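Over in TrEMBL, the protein carries these features:
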- 91-428: domain 'Kinesin motor' (DOMAIN)
- Gly172, Gln173, Thr174, Gly175, Ser176, Gly177, Lys178, Thr179: ATP binding site (BINDING)
Amino acid sequence: MPFLSEAASAIKSRFGFHHHPSSDSMSLVQNTPDLLKSAAKDSLVQSSVVRSIGNWDNDEDASSAATCSTAVSSGQSFEFCEDPSFWKDHNVQVIIRMRPLSNAEVSVQGHKKCVKQESSQTITWTGHPESRFTFDLVADENVSQENLFKVAGVPMVENCMGGYNSCMFAYGQTGSGKTHTMLGDIEGGTRRHSVNCGMTPRIFEHLFSRIQKEKEARRDEKLKFTCKVSFLEIYNEQILDLLDPSSNNLQLREDIKKGVYVENIKEVEVTNARDVIQQLIQGSANRKVAATNMNRASSRSHSVFTCNIESQWESQGVTLFRFARLNLVDLAGSERQKSSGAEGERLKEATNINKSLSTLGLVIMNLVSISNGKSLHVPYRDSKLTFLLQDSLGGNSKTIIIANISPSICCSLETLSTLKFAQRAKFIKNNAIVNEDASGDVIALRIQIQQLM
């Protein structure tokens, strides 16, 4: 696909990205948007992309990064490690991810940055006055995709296997590296361990590996899994099905059992990671992107990739069911018209993006106030984005928020805004529960009850 290679080259040049094949741990976490996006200047690009992924299983593991890495920032070393006990006591995790300065930024402003990392959990905005922020984790530009996945993605898969709804979403200004974090380089399709492969493909590779191991370990229980995926975008406050472009302006519905869902969206059953990658490639090619002054391949919509995971097994004459919904969200970036140069259709898109992100900020602010004992209305229904993510924000979900920031001086105010948003999000209180049900012989149930008495 010539346009993909050209776009990839342009994006890598724009953000100073260079591949370092000799060391995964030294690969830079770049502000490199999804390489499936076109760098077209004036129009949206919707291209069909066909890729062979038949060699998926033939790739050898090219990465052996440990779960804990040491990031070097301004001459200081900070460990970026998973806390094994974190999810036992918490339902919301906030991670800051900082991209490197681009070549263009270095040529204009040198290596000066608007933020300074103080520890593995603290970061300081160096404007006037200085502001210090504390989060669950801070990942600088030296933290690889692989290590971020091991710290954030692996526990998310374990939560899903345990029957918890889970959500991961990337937040930040346009050009801060959100799509790189969530999707990364899936251009090759066959390179399972490409150093720039993002969270979504890595999560599903691990998920199906865990499913296979679980089925083998519990063969006597006749354990079965069913996974169905959907892929949508919210563009100008309309919901579009990325797996079925003919379906547009889909409607949100709410159900006591199902929660909030999209009516008539296409769901595809998947049985392995290759199936998921095919759907990701197909849907990403249909997503709305366009060029702005700040990003040659700027997402003009919010995208949500959802996987519904169902399992069932037998125990003492009773059939048990477990459910989990996994949402992986790539938000469109907030942008200032003066900086992005948005005009006409781009300006309309930016207005709708900023409006939905403002509603998201208000929802989080009100949720934090409620957790502090105040009685407030939470305006979930004021935007399609917040209505769809209602369970993930203040509801039944274990949620990870990755706030992507730019260290560039020219992005200083946007970076401060993102840090403040992430700081508020830390105080959201979700109520995640295991989603289980049972059906079977009433006599068997009575026997179980008697055994427990």
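Start at 1 and count along the chain as shown; that gives each residue its number.
In case you wondered, yes, glycine gets a Cβ from its N, Cα and C as well.
Features recorded in TrEMBL, as mapped to the structure shown.
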{"residue": "Gly172", "record": "ATP binding site", "Cβ neighbours (10 Å)": "28"}
{"residue": "Gln173", "record": "ATP binding site", "Cβ neighbours (10 Å)": "25"}
{"residue": "Thr174", "record": "ATP binding site", "Cβ neighbours (10 Å)": "27"}
{"residue": "Gly175", "record": "ATP binding site", "Cβ neighbours (10 Å)": "31"}
{"residue": "Ser176", "record": "ATP binding site", "Cβ neighbours (10 Å)": "30"}
{"residue": "Gly177", "record": "ATP binding site", "Cβ neighbours (10 Å)": "27"}
{"residue": "Lys178", "record": "ATP binding site", "Cβ neighbours (10 Å)": "29"}
{"residue": "Thr179", "record": "ATP binding site", "Cβ neighbours (10 Å)": "31"}
